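Chemist: Take this structure first; my questions come after.
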Amino acid sequence: MASILTALICASEKSANIARACKREEALFQLLIEEKKGPDKNKKFLQDFKTLADVIIQEVIKNDIAEKFPELAPHIAGEESNKFENGLGETITVKVCKTEQGTAELLSKVLEGNLKAAGLLAKCIHEDVHIDDPALQKLTKDIPVDTIGIWVDPIDSTNQYIKGQLEEKFKDGIHTHGLKSAAVLIGVFDRNSGQPIMGVINIPFNEMDPILRYIDFQH
């Protein structure tokens, strides 16, 4: 259990780094937004969006977990389609390539040739993230890998993430609106029963640097 949970936590933190990198540059962020249409659209909202951050995060989690546990590769699924349409009307299948350069070249097609932005994202995608928490090593419960599945919601509250507003009000310690409500969610379930086993919630914007808050989120 410790090895699987550690891998999930590392994947979630890498995902949080990507979410922060995408949001850091407003001009870049606007390039990443695509309105969902057809069956992908959330019927609860008049407008529903997906971002390249969503798609990248989902594919990073799938890739990183599959590298450590190859037998899980067919059993990792997510909320987002990995098809992304750029401004030229080209549909690109987003994935993690074997090398940072390969990933950058692929992303540059989505970003209409913006090599700087593509390189920044590729660097985040291929960085090594390590979590060394003694508490994880105390987990001794055995979970057979061949019985579990993984579901990914790359950025829950995508609309709040896109709006980027800081909402200081919260109830019972939980933010239901604003940037702090955006979270990377990874759930593990039993493939036979469908029952949940464990999960990871990573909140990329739980804490803000006062200077960055003023520069990046004053709108």
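The backbone N, Cα and C atoms fix where each Cβ goes, and this holds for glycine too.
The Mg(2+) binding site feature in TrEMBL is assigned to Glu79, Asp153, Ile155, Asp156.
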Chemist: Across all chains shown, how many C-beta atoms besides its own are within 10 angstroms of the C-beta of Glu79 (Mg(2+) binding site)?
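Modeler: For Glu79 (Mg(2+) binding site), the 10 Å Cβ neighbour count is 17.
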Chemist: Please report the number of other Cβ atoms within 10 Å of the Cβ of Ile155 (Mg(2+) binding site).
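Modeler: There are 28 such Cβ atoms around Ile155 (Mg(2+) binding site).
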Chemist: As a test of the contact definition, list every same-chain residue at least 6 positions from Asp153 (Mg(2+) binding site) whose Cβ is closer than 8 Å to its Cβ.
Modeler: Gly78, Glu79, Val184, Leu185, Ile186, Gly187
